[in-house]
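A.B. asks: Just dropping this structure here.
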Amino acid sequence: MHQFIFEPYVNQVHQNPLDIINVSNESKYSQLDNLDQMAGICRFPAKAHIASVNALALDSIDSRYMLSGGGDSSIKLWDLQSREDSQWSDNDELGEEYKPEFIIPAKTVHKFGITHLKWWPDNGMWLSSSYDYSLKVFNSDTMEVVHSFNLESRVLNFDFDPNGSNSLVACCLDGGVGGIKLVDLRTLADSHTLGGGGKAKGGFGYSLSCAWSPTNSNLIVSGGQDGYCIGWDIRSSNGPLFTMDYNLTTSNYRNTNRQLLFYEDTPRAHNGGVNSILFNDVGTELVTLGTDERIRVWDLTTSSKPLNKSINFGPLVRNKSVQYVQMCLSPTLETEMQYLFFPSDNGELLIYKIHDGKLVARLSRRGPNLRTSRVHAIAYSGKNSLRYYGGCHDGSISVWGYAEDMEAEKKKPVSFDNGVDFEEGNELGDGHENESILDQIHDEMTEGGR
């Protein structure tokens, strides 16, 4: 399996070597906060959508345009560069407010709530799914629907190859035959179904989440409502590539022939529905979230099945949602280690170290009646911004990040009298900075040592 996953990724370089990379560490991530009520920070309207914000999607090329989908079936396009944060503000006025660049009104394109949104890798089009049984494809230039797939079941989630190497879209269905249905954007036809037919016919029931491997265009991992997490090779119709077993860990990986319990028919990744799946940037690890209120990290570099790394994320994980939860991982190239952003059921945003499960930050929204409003989706602003956006249950879009103006305030020179008399013409106004008392002591000690 190691060769299957990583062979297509060898010698691929996605980062320009001339780009300057700022690496953020745990100290900076532990200081993240809610910026909705912070002076000078651009914010979204108090009611971005009438109903809950179920999905967010930011374009991967410019990190400029963000889509938001509401439970009222409306979709809005936001230009994140249309407003700028104002630093060094002398008053406590809030920053400018974003205005939607384009609005698809409720009940016009989709009839029921939006479940997922995602840009195609080249930003030429974007896709949306809904509870109205449809998957729709939009032209990014005209913002009009160019094709609609009627899948005859609620589409809870979908995904496609992040590198755009094929035209297939994997859709998670919670009705009909269940499983993962593949549709082809090139032929506009249903390709085939993975794991469909229900458990009575050898399938795996309804699917809640899926993720396409960033390193192999033929690998999909799906999560079902019964706790199954299955790896699929889209080229094969001979069953799954692997099934994930939470009892198969890195400490007992040699026990590949574990005897199933009497009530088990297939190994499970969770003791509840799997409603979120994430690959890391290089495809070496997989993160799954279950309604059993467990977050699990899986090692995909093994020769056979993925192994549960047995990382404990503590007792604060709250997840009983029956819909897809959009978690987020910090970019590998921008952090010393990856951090997981998990929106908890109690309204908190929890930030964990992905390699050991340590809780780095426990964030809450500011304002009355906002602490208990759950965040359904998290999206990263990109390009070393250290800023994240959250789609909330009350219809708002919250801003989370690091207050750079506060850091800059700390770095501003502090004027004080260090006891040195300056001659006329050699003051701060002539371009010579005031010498600090520590520099003066250092110079005196250096001269004395000579």
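Residue 1 is the first one shown; counting continues down the chain.
Just so it is clear, glycine is given a Cβ too, placed from its N, Cα and C backbone atoms.
Annotations for this protein, taken from TrEMBL, read as follows:
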type: REPEAT; residues: 46-88; note: repeat 'WD'
type: REPEAT; residues: 267-308; note: repeat 'WD'
A.B. asks: So what's near the repeat 'WD' (46-88) in sequence-distant terms, Cβ-Cβ under 8 Å and 6+ beyond its ends?
C.D. replies: 40, 95-119, 121-123, 126, 128, 130, 132, 143, 162, 323, 326, 376-383, 385, 389-397, 404-405, 408
A.B. asks: In the predicted model, what is the mean pLDDT computed over the repeat 'WD' (267-308)?
C.D. replies: 92
A.B. asks: With helix taken as DSSP H, G or I, strand as E or B and everything else coil, how many residues of the repeat 'WD' (267-308) land in each class?
C.D. replies: 0 helix, 20 strand, 22 coil
A.B. asks: According to DSSP, how is the repeat 'WD' (46-88) divided among helix, strand and coil residues?
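C.D. replies: Going through the repeat 'WD' (46-88) residue by residue, I get 0 helix, 17 strand, 26 coil.
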